[in-house]
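TrEMBL has this to say about the protein:
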REGION    1-75  region 'Disordered'
COMPBIAS  24-39  compositional bias 'Basic and acidic residues'
COMPBIAS  50-60  compositional bias 'Basic and acidic residues'
DOMAIN    251-363  domain '1,3-beta-glucan synthase component FKS1-like'
TRANSMEM  397-417  transmembrane segment
TRANSMEM  437-456  transmembrane segment
TRANSMEM  476-495  transmembrane segment
TRANSMEM  507-527  transmembrane segment
TRANSMEM  566-588  transmembrane segment
TRANSMEM  1244-1262  transmembrane segment
TRANSMEM  1293-1314  transmembrane segment
TRANSMEM  1399-1428  transmembrane segment
TRANSMEM  1498-1520  transmembrane segment
TRANSMEM  1540-1563  transmembrane segment
TRANSMEM  1575-1598  transmembrane segment
TRANSMEM  1685-1710  transmembrane segment
Amino acid sequence: MYISSSPPSSDHDPFSNSQAADARYYDNDSDNYGRRDTYMSDGSNTGLNDDDRYYDHHGAYDPYGPPPDTDSEAEVYGTKYAPSAESLGPPRMGMSEGSTPTFLDAGGATGTREPYPAWSPERQIPLSKEEIEDIFLDLTQKFGFQRDSMRNMFDFTMQLLDSRASRMSPNQALLTLHADYIGGQHANYRKWYFAAQLDLDDAVGQTQNPGLQRLKSAAGKKRGVPKNASEKSLNSAMDRWRQAMNNMSQYDRMRQIALWLLCWGEAAQVRFVPECLCFIFKCADDYYRSPECQNRVDSVSEGLYLRTVVKPLYRFIRDQGYEVVDGKFVRRERDHESIIGYDDVNQLFWYPEGIARIVLNDKTRLVDLPPAQRFMQFERIDWNRAFFKTYYEKRSFGHLLVNFNRIWVIHIAMYFFYTSFNSPTIYNGLNSPAMRWSATALGGAVASAIMIAATLAEFSYIPTTWNNTSHLTRRLLFLLITLALTGGPTIYIAIAESTSPGGSLALILGIVQFFISVVATLLFAILPSGRMFGDRVAGKSRKYLASQTFTASYPSLRYSARLSSLLLWILIFGCKLTESYFFLTLSFKNSILVMVGMKIQNCNDKYFGEALCRNQAAFTLTIMYLMDLVLFFLDTFLWWIVWNTVLSIARSFALGLSIWTPWKDIYTRLPKRIYAKLLATADMETKYKPKVLVSQIWNAIIISMYREHLLSIDHVQKLLYHQVDVGQDGRRSLRAPPFFISQSDKGFKGEFFTPGSEAERRISFFAQSLTTAVPEPLPVDAMPTFTVLTPHYSEKILLSLREIIREEDQNTRVTLLEYLKQLHPVEWDNFVKDTKILAEESAMYSGPTPFGSEEKGQSKTDDLPFYCIGFKSAAPEFTLRTRIWASLRAQTLYRTVSGMMNYAKAIKLLYRVENPEVVQLFGGNTDKLERELERMSRRKFKFVVSMQRYSKFNREEQENAEFLLRAYPDLQIAYLEEEPGRKEGGEVRLFSALIDGHSEFIPETGRRRPKFRIELPGNPILGDGKSDNQNHAIIFYRGEYLQLIDANQDNYLEECLKIRNVLGEFEEYAVSSQSPYAQWGHKEFQRNPVAIVGAREYIFSENIGILGDLAAGKEQTFGTLTARSLAWIGGKLHYGHPDFLNAIYMTTRGGVSKAQKGLHLNEDIYAGMNAFGRGGRIKHTEYYQCGKGRDLGFGTILNFQTKIGTGMGEQMLSREYYYLGTQLPIDRFLTFYYGHPGFHIHNMLVILSVQVFITTMVYLGTLRSQLLLCQYTSSGQLIGATGCYNLSPVFEWINHCIISIFLVFLIAYLPLFLQELVERGAVKAVFRLTKHFMSLSPAFEVFGTRISSHSIASNLTFGGARYIATGRGFATTRISFSILYSRFAGPSIYLGMRQLVMLLYVTITLYTGWVVYFWVTVLSLCIAPFLFNPHQFSAADFIVDYREFLRWMNRGNSRVHQNSWIGYCRLSRTMITGYKKKKLGLPSEKLSGDVPRAGWRAVIFSEVLFPVVMAILMVVAYLFVKSFPVDGVQPPSPLIRIAIISLGPIVWNAAVLLLLFMISLFLGPLLDTPYPKFGSVMAFLAHSLGVVGMIGFFEFLWFLESWNVAHAVLGLIAVIYIQRAIHKVLISVFLSREFKHDETNRAWWTGKWYGRGLGSHAISQPAREYVVKIIELSLWSSDFLTGHFLLLLLTPPILVPYIDCVHSTMLFWLRPSKQIRAPLYSIKQKRQRRWIIIKYGTLYVLAIASIAALIAIPLILRQELHYNCSVCQRV
């Protein structure tokens, strides 16, 4: 602590000696602890009194004393043994609540300030700071907490009390704090205490009743409670609790808080399991109260708590996921269902039965010990025997059925009602009304069947223990009865009607059955399954209490909000059901009529006779039914988007947010609004004109923008308030800037900022946001303290000079600086002007230039370096400026830190403006004024960056971090520090450490000395990293609220000014003066606490071309439009990153995010669901926004979508979804579903609908091409022969379907359009939409939909997100064809290609104008990645790409290659086969080593059944086409033909491979060494032969079809599907696990099987490799042909002149003049490239020509080419 500059004299200090003499709180045990200098010396107070050692005075920076640089050393260090620092300086004056403190004279104010001003003796504090410190010391000695943790938690507590006490009396502050942590109505500890039924022990006592033998509670012990039976009731227990809490002394309350915090502060991973922490606290508290603890004299050793309590739990959690191999942690190959994760551990403590399972090593149960002894037995607990899975996160689609059963019931049952009513011809309903009633009624049976399936699935996800099974079995019985009631009568009626039609009994029965069905369906659709037959949500039984408390305490909605929620869903389903009936079902009715009875005549097949082909119409109809069902699902989502958008926009009008609210006066009224809404003016004296105050705020905002180079000097002049002289006597007044007037006064025009610039956007958002209603701010010194927490892993901190001015690689074409200059031209200009001024100033100081050249001409050329790179002399101060300029425009940590540090600026500004007396007090002494402001901002705002890797940074990162600390000394960095184990070979010890810019350097290491250094039980990073990183740093947050920020965000001064209003949203400003314990249900303590306050995000990369704009638009609609309406109707869960959290609420309920590896991939969403399920409200603010960056290359957006999709898949498995899906009331469930998972399921259905539809069309095409169709005149008369087939209704139905699918895609643009319309006006909205369509964004939409649906499906099947990384970097980098192909072939290109071939057939047989739309859709699945690839169409690069593609296909066969086809092929295969467990050769690579092998159930569905079904469907279609006689001759069996064509290539490959295997086995060992290319040559031979075989067999098929194109295409489709099915089955059924390395592949081609590290496998592997190679050859050939086909599709644009320029304009939205130049090559490179282009260009043309010839020649010459071969006639 620095001693005040006025030397301490006791004349004006009544306390100084008395306090020093009173050694009561030194604890006289300094010898016990010794001096642990490493820990304790924090800063310069190495030698102050003993008491200073026990808690942190922030030594190195005293917030209140003068900073060291102004004081002499002697003054700081000289007065070493001054009396206790608290007593120095004058006592503070009494501080009335809420008002600003009154300061003493200037001299006194420099005296040392209280570190916690609101907790100072004059304010009737219940306990002095020293007493609180005693409590902490005492607890530390009794339980063995770490010293540093104790110091940290003491500071934490004091800051918390200071924060609360600054707006209420200290007494009340302590009370409410205790209520929040321990005993209040919403305290998690109290809720747990009753949920786990711990209250029953006081009542029952230690009777030998194992069910009730629980822990004794405080309440029972304090007052002898009469133990009668009535006390068992919950209410009386609650009342006793409240009494006990109310009677507690403040000292005891403080002690409980301190104990809780100390337990929490060292708990590490146990912080993720809140109820476990509650249990630990309970045991500790019971122990502390016991006589054995109170009488204990000697303190226990430091670190005891960590060792005995935390470490065993940590070890258990760690060992679930990792095992130790050679001293390294290796991920176990387990999926979630076999890992006991955090949630399972936590749920053990929810139920008394669970707590009773905890046993010690000697098998005694913990509950059998008296409560006071339990804590000391913790180290003997055997945790492995206690925990078990409480919910199985199995990978399967069953979760969709269980969690969202109501969605399926609503849709499928309604669809059944509609459709069965409208297809009476199937069941003879036209003649028999009874039958029609009854068949329609079967919808109820369908609903019951869905519910039964869901219940059975639920059985497999819940352990069959406790009360689960009884509840489920009861439900199952009820459902079976319902099924019998709704389905049984149909059987009777069907029999009755067939024997004696028209009976009245049957009719009555049918009608009754129908109404029972309707009731059942409504019941199942509306009641959550958790409340059906045994209520888990609102049941009064004690056994449900825990699951209610922790999973179903949903915060209730306001009356109006609940009403609008119900209304919204009534509207949506009203519209949907009407529209579906009239548009979908009725249009389908006629098709059913004509197709049901249709039997195909005179067709025949050699093997199946008429069985298959007669029923082709029925098959087609079945697929059409399926299609209609899919559309039935899709249109609900359509209506949800429409009505949700309407609701959201209505809400925005209600909030006054829209541009259509009178826009003119938005700026004119801005000064008044700033005064009214941002300033806490209520308590201010009115002697200052509002204008004066507002001008200070406004000028600060404008100047901050100028400093960020957003405004130029001339603009600033027009925007500032100026002082002008008025009148003669020299009085001055403020003139408002013309900017405010100009809006209302038409005559006054002027440009204030560059149109469309960042400055304009920020000012207009600021002005607009202040139109909404905001909470009243508190004065600065009464506002709560808050912390910003940012996790940082390896994101860029500051860009280095090299990164800015050097191109990354050949493909970038542009340096980062050039690129940023393109994007921010105005800001670059301002920056350059600024720099020139600077340079001139520095030149002035350093004397004139020696050359003295004064000519004008030179100045132009002199400026060049400035405009190019922003500096001329390479002096660090100039280069640093450029680096900072660039870093503030890229996504760097520096940008985030400097943005968030605006909070400090804002707090200082507000404090200065609202307390003019402070400014007067310090007179002209700006240093002291600045210090006073600093003190305030430091007291109210903290910024912690959690740099997990800080101690492992390389030199450059180290320097950058140091730069951050120097620039912002108040920035705190939490990091992990490692220390080798105490004994040789022991485990590494890890510490959480905290430094800031004031920490001193340790001379030996050159690192800073941490302020706190707290040992952890082990490596904290057990999950995906981010949440663990947040968790280890969370103990360093201070204050009441937490803002979670990612390392890619930004903030602005004008937004930071609103901080007090945002914190007001937590509704904790006006705290009642009553005790929360005086009576329960006091109105002010009744409302659910606000857990999360959401905020808007502005994507600051939205101007980077089409993809950037799309991503930004998505965020805009989800983050703003949807969030607004969801928050209003209580469905907002997801919290994105600028959100504020109620820190006490979240930290007592498991922290700010969840951390199980894999399962909690989107960690933040879980925190939202957790808070929601436990009763926290989640709000959304409209008036506050943060910037956020997204990387906007094509690959990055898709990686992001893959991450979201995969994360969604993981969420579907999670228990949170299970609880929400089965317990929420219907309207809130629907909101939750359509707001979160429904969107992704809708994406899957959209893609499915395209596939189903194309299949339907293929079937219709077969009918159309083979049958004689009826022709009608316009009036409906039949033309032509009888014996025709009437299919015209079907073609009408096709048009309806296409319109539906088309609308589904179009509607995706509606929210964005309306959002723009409302926020920016009509012109901009239309303009933005036009730009999107011009830039082909629909193609990207389709593609993105496919990627996200693929990632969910593969996640639910295989787990493990497998990225094939596309690399980051700008949107300007050209990615080569082979990389794009390998990344997107699996998810999208293969699918697109298959659909393309099918579409080709459809187009040949069924052409209507609408098919064009499908061509666009399907083509975009294939070529979207290339369309959005920068410079894809530059001819030279295209040929270079072709060369790279050929090399990529052929590499990796004689030596390993990082990037090759074989590697890609193996990677996509291992998803199914998994890797070998026993590692051979190389250690586990990072690729996807920790992904477990997929379970066989999952594989059977997706990899075996579906492909086989598709293959059968296509074969049936082909068989149908071939079953008609041609020229009176019955064709030979098509089945054999298809078999030959599809199996032929596989057999051919097998033969080729066998032959080559023999050759390489004998020749390989000889030739491999002299000719290293031997393997590649062999591989090339095999591959070429494979391609030849594939093409040959296709040509043979075409020849057999006598050159009929349609038949050949259909045959090809069948062949493709059959081969795909064969490959999938072979891979999933016949292959064993894969090796991690690529040795076997190279062994195969070179024939050298020895020396490969295969060991004994060298014998068995060749057989396996043979099967693999057969598959690989087919795959290789198909990839080769697919690649060529794609290249062919991409060739036509290349022939267009200037296409590259046009394409770039389309992608980047930059004028051709502004575009990025072509790369410059050296002479040598040019020559090389020219040669490549000539060589490979010719090759490419030849390849394309030969493929074209094989297709074109038969087409042209099909009349001439006829060979008679007798064999062919029979095949």
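Glycine residues also receive a Cβ, built from the backbone N, Cα and C atoms like all the rest.
Curation does not apply to TrEMBL; its annotations are automatic.
Listed as Cβ neighbours of the transmembrane segment (476-495) (distance under 8 Å, sequence separation of 6 or more from its ends, same chain) are residues 427, 434-435, 438-439, 441-442, 444-445, 447-449, 451-452, 455-456, 506, 509-510, 512-513, 516-517, 520, 532-533.
Here the transmembrane segment (1685-1710) lies next to the transmembrane segment (1399-1428) in space: the count of CB pairs under 8 Å, restricted to residues six or more apart, reaches at least 3. Same-chain residues lying 6 or more positions outside the transmembrane segment (1498-1520) and placing a CB less than 8 Å from one of its CB atoms are 395-397, 600, 603, 605, 608, 612-613, 616, 619, 1255, 1258-1259, 1262, 1266, 1353, 1356-1358, 1472, 1534-1535, 1538, 1610-1611, 1613-1614, 1617-1618, 1620-1621, 1624-1625, 1627-1629.
When Cβ-Cβ distances below 8 Å are used as the criterion, the transmembrane segment (1540-1563) is approached by residues 1574-1575, 1578, 1581-1582, 1585-1586, 1589-1590, 1593-1594, 1596-1597, 1611, 1614-1615, 1618-1619, 1622, 1644-1647, 1662, 1666, 1669-1670, 1673-1674, 1677, 1771 of the same chain, each at least six residues removed from its ends.
When Cβ-Cβ distances under 8 Å to the transmembrane segment (566-588) are tallied for each of 507-527, 1244-1262, 1293-1314, 1575-1598, the top count falls to 1293-1314. Sequence-remote contacts of a segment are chain residues at least 6 beyond its ends whose Cβ falls under 8 Å from one of its Cβ atoms, and for the transmembrane segment (1575-1598) they are 1449-1451, 1453-1454, 1537, 1541, 1544-1545, 1548-1549, 1552-1553, 1556, 1559-1560, 1564, 1568, 1608, 1611-1612, 1615, 1642, 1645-1646, 1669, 1673-1674, 1676-1678, 1680-1681, 1750, 1754. For the domain '1,3-beta-glucan synthase component FKS1-like' (251-363), the DSSP-based tally of helix, strand and coil residues reads 72 helix, 10 strand, 31 coil.
With a threshold of 8 Å between CB atoms, the same-chain residues lying at least 6 positions outside the transmembrane segment (507-527) that come near it are 405-406, 409-410, 413-414, 417, 433-438, 440-445, 447-448, 450-451, 482, 485-486, 489-490, 492-493, 1226.
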